[in-house]
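Colleague: Quick one: the structure is below, and I'll ask about it shortly.
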Amino acid sequence: MNISTPDLCDEFEESLSILSPGFRDFGGVHQFYGQAVTISCLNDNSKIKAMSVTSGHGKVMVVDGQASMDYALLGDMIGDDLVKNGWSGIIINGCIRDVEALKTLQLGIKALNSIPRRSVKRDQGEVNVTLHFAGATVDPEDWVYADESGIVVSKHKLI
């Protein structure tokens, strides 16, 4: 299904939150949507890894890494798990790595940038919490729509 965030903004602007520009596409899919599963973590991708092996059909993982440019929160192994478990996509307010491998995956991936350093592993972070980043609020089970024009969030399913 084709997603057009500009069209969604035209039709539903009053009920949408729009994430500030700056997110880059890293996956093989550039249009994706689903219900948000939220994670807050700083430089530690333990919660992302744990969630990546659960069923993600119709879901988008939304991660607030506090815009850290120090460590990657996603790499090829977790990316493979997300694909295997049916996730529509992942949005990271932070960095990824393994750019060459991730772009081959049938997965929507948006992040701020890339860095080759892997994350720390301390099992820190929170799952299913309200996130505030990039000028928007994302609650668990909100609907997230992403394409090459941007990312929008709605309390209700729009398409």
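Positions of Cβ are set from backbone N, Cα and C atoms, glycine also.
The following feature annotations were taken from TrEMBL:
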BINDING   Gly75, Asp76, Met77, Ile78, Arg97  substrate binding site
BINDING   Asp98  Mg(2+) binding site
Colleague: Write out, in the order they occur in the sequence, the residues of the chain not among Gly75, Asp76, Met77, Ile78, Arg97 that have a C-beta within 8 Å of the mean position of the C-beta atoms of the recorded substrate site.
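Modeller: Result: Ala72, Leu74, Gly79, Asp80, Ile96, Asp98, Ala101, Leu102.
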Colleague: Looking only at DSSP and grouping its letters into three states, which state does Arg97 (substrate binding site) belong to?
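Modeller: DSSP assigns Arg97 (substrate binding site) to coil.
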Colleague: Expressed to the nearest Å, what is the distance separating Ile78 (substrate binding site) and Asp98 (Mg(2+) binding site) at their Cα atoms?
Modeller: 11
Colleague: Provide, as an integer number of angstrom, the distance between the C-alpha atoms of Met77 (substrate binding site) and Asp98 (Mg(2+) binding site).
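Modeller: Between the Cα atoms of Met77 (substrate binding site) and Asp98 (Mg(2+) binding site), the distance comes to 9 Å.
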Colleague: Pick the one among the binding-site residues Asp76, Asp98 whose Cβ has the fewest other Cβ atoms within 10 Å in this structure.
Modeller: Asp76
Colleague: Translate the DSSP assignment of Ile78 (substrate binding site) into the three-state scheme.
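Modeller: SS state of Ile78 (substrate binding site) = helix.
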